[in-house]
Amino acid sequence: YLDHGLGAPAPYPDPLEPKREVCELNPDCDELADHIGFQEAYRRFYGPV
């Protein structure tokens, strides 16, 4: 393993990240996600994840 000064390797991209951002931009979805989790909140507002 060689360290080229780039820091830690990038984590795998989250395939749900775009949907997570949509939910976070909706105050109601964001609030519900705090209580029941993002995937369930997204499903209630927008349909299947």
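Cβ coordinates come from backbone N, Cα and C, glycine included.
Features reported for this protein in Swiss-Prot:
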BINDING   GLU17  Ca(2+) 1 binding site
BINDING   GLU21, GLU24  Ca(2+) 2 binding site
BINDING   GLU24, ASP30  Ca(2+) 3 binding site
DISULFID  CYS23-CYS29  disulfide bond
DOMAIN    1-47  domain 'Gla'
MOD_RES   PRO9  hydroxyproline
MOD_RES   GLU17  4-carboxyglutamate
MOD_RES   GLU21  4-carboxyglutamate
MOD_RES   GLU24  4-carboxyglutamate
Segment-level pLDDT (mean, integer) for the domain 'Gla' (1-47): 85
Rounded distance in angstrom between the Cα atoms of CYS29 (disulfide bond) and GLU17 (Ca(2+) 1 binding site): 15
Cα-to-Cα gap, the residue listed as 'Ca(2+) 1 binding site' vs CYS23 (disulfide bond), nearest whole Å: 10
Integer Å distance between the CA atoms belonging to ASP30 (Ca(2+) 3 binding site) and GLU21 (Ca(2+) 2 binding site): 9
Separation of alpha carbons, GLU24 (Ca(2+) 2 binding site) and ASP30 (Ca(2+) 3 binding site) (Å): 5
Fewest-neighbour residue among disulfide-bonded residues, criterion Cβ within 10 Å, set CYS23, CYS29: CYS29
